[in-house]
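K.L.:
Right, I'll just put the structure down here and ask away after.
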Amino acid sequence: MSFQRLWAVRTQFLLLWLLLPAVPVPWAEARRSRVSLPCPDACDPTRCPTLPTCSAGLAPVPDRCGCCRVCAAAEGQECGGARGRPCAPRLRCGAPFSRDPSGGAWLGTCGCAEGAEDAVVCGSDGRTYPSLCALRKENRAARQRGALPAVPVQKGACEEAGTTRAGRLRRKYNFIAAVVEKVAPSVVHLQLFRRSPLTNQEIPSSSGSGFIVSEDGLIVTNAHVLTNQQKIQVELQSGARYEATVKDIDHKLDLALIKIEPDTELPVLLLGRSSDLRAGEFVVALGSPFSLQNTVTAGIVSTTQRGGRELGLKNSDIDYIQTDAIINHGNSGGPLVNLDGDVIGINTLKVTAGISFAIPSDRIRQFLEDYHERQLKGKAPLQKKYLGLRMLPLTLNLLQEMKRQDPEFPDVSSGVFVYEVIQGSAAASSGLRDHDVIVSINGQPVTTTTDVIEAVKDNDFLSIIVLRGSQTLFLTVTPEIIN
């Protein structure tokens, strides 16, 4: 084809293009509408409109300019438009589109931001939800009715026994970093305060960790982290701080549930199936030991079912997860997660370097379901007595290890080894210390932790004989009464 011919075709094409009518495109129109309502150069909160009352379960969120606060749109509600109404957290504005009659811009519809993968979740109410968004939608409706919202307790349907699917994260080189990035926003730092008898001011007494299990502020931690008549302050990864109240506590399981009232919805962790965990699998422990937030340790699982009897807990029905992931003071209550980011345990106990234990997630799930059932029936937890000790019976192996580490360890063949005294507790007030050995309570010999538990349960006043190094001490303690 000649040059003149090509030039003629090009000219005809340009003329046809110029004669075509402009066709409005939704996203192009939406883009022009955003240009027509630019954000201010400087934010002046005094010029923000009065915030209307938001729908139940929805908190105010920053507008698209990050200046004023507006009511977010819930799932299925309109978003975008001339003023760019945002969606609630974890929702996105998308199709179907419609035109905003007030400004000519295009309105979208808020929908679930999660993908289809692993969408199905099981709620603490025993119902299977098609996605986290569906559960959140049901919870918003429940709050409007004054009903109790459900907590997501696992991935997959409620009737499923879990899967052994090897997630993609387990095949990546930076799998630890990927897990931490996913899990850390849901891990919280707990700071406990007590009132000084001299100044009558609240001073820090101890710290621990926990993790968020509901978007409205339910947090799981260890029971031994909490003590009676103390202020509990929760600090999120964002730095926001809230005062917490105790909702449920079980000292036998060493599990507790506390509640904060956040300004916005919180990121949650889902419980995996600890029964699916395999020996040799990588795990990651997160927490805030020594008040150092976002502390991460990793290790492998030695056994998934270290029975309480193996630890000398003859009457214990708990099977612990043993790992070499380091769990230090303050790490208690933090999550132990697999490489998919699912909670498979709660950091609980360190016996010695390289030997740590976690309460399995299946126990946590049952604890949450029992709490949910009690709330529905209007039953409050029973009052219990609390001493404030973490202890183990002196087995032969433990006795040999302690004598190897400490030549001054008491020359004793039986008793209960106190590996931690909870600060601010009745035990601490009585003078008990870490690494004491309890050999007698109220004139009765003590050889197992059950002996101590039964003595606390049956008596309002305890006379305790303790071995500390080469000393024999006589202490008295009155257990605390807690809910």
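Just so it is clear, glycine is given a Cβ too, placed from its N, Cα and C backbone atoms.
The shown structure was predicted, so the numbers you read here are calculated from the model rather than taken from an experiment.
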K.L.:
Scan C71, C87, C133 and flag the one Swiss-Prot records as disulfide-linked to C110.
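P.N.:
Looking through C71, C87, C133, the record in Swiss-Prot gives C87 as the partner of C110.
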K.L.:
Say which of C68, C71, C79, C93 is recorded by Swiss-Prot as the disulfide partner for C48.
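P.N.:
So the cysteine paired with C48 in Swiss-Prot is C68.
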K.L.:
Regarding the disulphide bond with C54, report which of C39, C71, C79, C93 Swiss-Prot records as its partner.
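P.N.:
Of the listed candidates, Swiss-Prot names C71 as the partner.
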K.L.:
Rounded to an integer, what is the Cα-Cα distance in Å between C71 (disulfide bond) and S332 (active site, charge relay system)?
P.N.:
37
K.L.:
Determine, using Cα-Cα distances only, which of these disulfide-bonded residues is closest to S332 (active site, charge relay system): C43, C54, C79, C93.
P.N.:
C54
K.L.:
Quick check for you: of the disulfide-bonded residues C43, C67, C79, which have their Cα within 10 Å of the Cα of C87 (disulfide bond)?
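P.N.:
Close disulfide-bonded residues: C79.
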K.L.:
Can you check which residue among the disulfide-bonded residues C39, C43, C65, C68 has the largest number of Cβ atoms within 10 Å of its own?
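P.N.:
Checking each of C39, C43, C65, C68, the winner is C68.
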K.L.:
Within 10 angstroms of the C-beta of C110 (disulfide bond), what count of other C-beta atoms is obtained when all protein chains are considered?
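P.N.:
C110 (disulfide bond) is surrounded by 23 other Cβ atoms within 10 Å.
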K.L.:
Restricting to the domain 'IGFBP N-terminal' (35-113), what is the model's mean pLDDT?
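P.N.:
That region's mean pLDDT is 76.
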K.L.:
Between C79 (disulfide bond) and C110 (disulfide bond), find the distance joining the two CA atoms and give it rounded to the nearest Å.
P.N.:
6
